[in-house]
Amino acid sequence: MAKDIQFSEEARRSMLKGVDTLANAVKVTLGPKGRNVVLEKKFGSPLITNDGVTIAKEIELEDAFENMGAKLVAEVASKTNDIAGDGTTTATVLAQAMIREGLKNVTSGANPMGIRKGIEKATAAAVKELKAISKPIEGRESIAQVAAISSADEEVGQIIAEAMERVGNDGVITIEESKGFSTELEVVEGMQFDRGYASPYMVSDSDKMEAVLDNPYVLITDKKITNIQEVLPVLEQVVQQSRPVLIIAEDVEGEALATLVLNKLRGTFNAVAVKAPGFGDRRKAMLEDIAILTGGQVITEDLGLDLKSATIESLGRAAKVVVTKENTTIVEGAGDPEQISGRVNQLKAQVEETTSEFDKEKLQERLAKLAGGVAVLKVGAATETEMKERKLRIEDALNSTRAAVEEGIVAGGGTALVNVIKAVKAVDATGDEATGVNIVLRALEEPVRQIAHNAGLEGSIIVEKLKAEEVGVGYNAATGEYVNMVETGILDPVKVTRSALQNAASVSAMFLTTEAVIADKPEENAGGADMGGMGGMGGGMPGMM
């Protein structure tokens with residue numbers, strides 16, 4: 001296919017249009033007086049949201065060069081979301097500011113490589129200062145404040161704080177849709193381990209890329225399954241029950257995996273395969289934990305058991321299993337409460353006895369998974385549109401709170417970024433590197449300016465006043481007052497602010513050093529040719545192979 005190529009100034013200008021289009025759509029959502037964005041959906045009602053990454057992912061531009069610029073900034077939002085789970089709008093605002101300022105200087109003749117070094121130096125200094133002015137998060141009230149700021153809802157803040165109190169800061173918290181109008185917390189017994197599905201074709205929800213099994217059987221073995229004949233007898237018994245099955249094995253590959261995927265796609269049989277968690281002896285112990293939790297049995301040659309002779313009685317059961325690319329969560333296993341309690345006490349005793357810090361940490365992880373349970377936040381709303389929007393906000397709030405527990409908190413509302421300006425000004429740089437530092441200095445003001453703009457105020461006046469105030473004093477756009485942000489409960493997790501800044505700086509530096517952009521040339525008669533009629537699909541749907 002022929003290509004279109006643009007060079008230097010022309011290329012960067014085209015991409016900048018895309019950057020501005022995406023960033024302008026995202027940044028209207030920033031701050032307590034930020035607005036919403038409505039996204040068209042092919043099916044069902046439109047989605048109304050103020051979640052930066054959700055908006056960024058939806059934007060596709062007709063011009064290929066502009067679209068590449070938009071996708072670069074969407075990558076900033078997506079990466080920040082992956083690392084910190086929140087802060088995507090801030091990251092987008094920072095990236096746009098750095099790119100616009102940088103482009104002015106490159107157009108004036110500055111060396112992009114020198115600017116890049118300056119941006120990297122300034123970002124490193126800003127991150128170091130952010131960590132220096134941060135405070136550890138302490139107590140339920142602080143956790144509730146972080147969650148409330150992220151979701152713009154005090155009730156959500158309290159619910160998330162309670163959930164973390166019930167299952168621990170590292171506990172498993174999932175978010176589901178409720179049939180009622182209110183948002184409630186429910187703690188159910190469950191276990192999560194860090195292994196995902198063996199094939200993406202096993203997913204049942206393509207939007208979230210997760211496989212959800214309701215009321216499944218659980219087959220647990222320490223063997224590698226390569227031939228479907230090994231598990232066919234027990235799978236046929238499961239098929240007769242018309243229930244799905246989760247297969248936990250050392251590995252599922254080759255013909256066995258292909259057959260499971262094929263039958264899943266045909267709708268004949270719903271099975272999801274995952275690798276067993278852990279390694280060596282720890283793997284055997286974790287499989288035993290899962291077996292006790294689900295009321296099943298580990299099919300292992302150590303006990304003289306063979307897959308071919310396994311029956312449905314040796315399988316575990318659960319109310320629900322959710323499998324993502326990286327994790328598997330088993331909810332409400334059907335195990336005997338006495339056996340589960342006995343296993344928990346056994347693990348507690350092992351924690352007391354072991355002298356190895358590593359072993360102690362791993363035992364405590366297993367104990368938390370077995371005894372901690374899973375907190376389920378059931379999101380309710382009057383309409384489906386409101387529910388989706390509320391669910392996205394709660395997901396952001398939960399991620400933000402976890403990030404705060406992990407690395408601490410700083411003043412929110414863009415205040416912390418203004419507070420680090422003094423440290424960035426002290427960076428030793430000359431020439432084009434100094435220009436790069438100045439680009440970051442200007443960008444650090446942008447979140448406060450945008451929050452003020454969304455509240456109908458002049459941002460530059462507020463920024464200058466904040467520079468003269470002591471560290472931690474910021475502008476509360478909700479009330480129009482200058483307050484100590486931490487004491488007022490307007491907080492941002494360090495991890496969120498840091499990730500937003502680092503990702504914005506990274507993409508901006510790459511953008512400014514771009515000298516050529518290559519895109520596919522659009523075909524003149526694309527879609528012009530008529531498609532012939534599709535022949536009928538022969539053959540019925542055979543049963544399991």
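Yeah, the Cβs are placed from backbone N, Cα and C, and that goes for glycine too.
Going by Swiss-Prot, these are the annotated features:
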BINDING   T29, L30, G31, P32, D86, G87, T88, T89, T90, G413, N476, A477, A478, D492  ATP binding site
One residue among the binding-site residues G31, D86, A478 has the fewest other C-beta atoms within 10 A of its C-beta, namely A478
For N476 (ATP binding site), which of the three DSSP-derived states applies: helix, strand, or coil?
strand
Identify, in sequence order, the residues in the chain of T29 (ATP binding site) that are 6 or more apart from it along the sequence and have a CB within less than 8 Å of its CB; answer 'none' if there are none.
R35, N36, V37, T49, N50, D51, G52, I55, T89
Protein Cβ atoms within 10 Å of T88 (ATP binding site), excluding its own:
31
Reduced DSSP assignment, G31 (ATP binding site)
coil
Within 10 Å of the Cβ of T90 (ATP binding site), how many other Cβ atoms are there?
29
Site extent for ATP (largest Cα pair distance over T29, L30, G31, P32, D86, G87, T88, T89, T90, G413, N476, A477, A478, D492, Å):
20
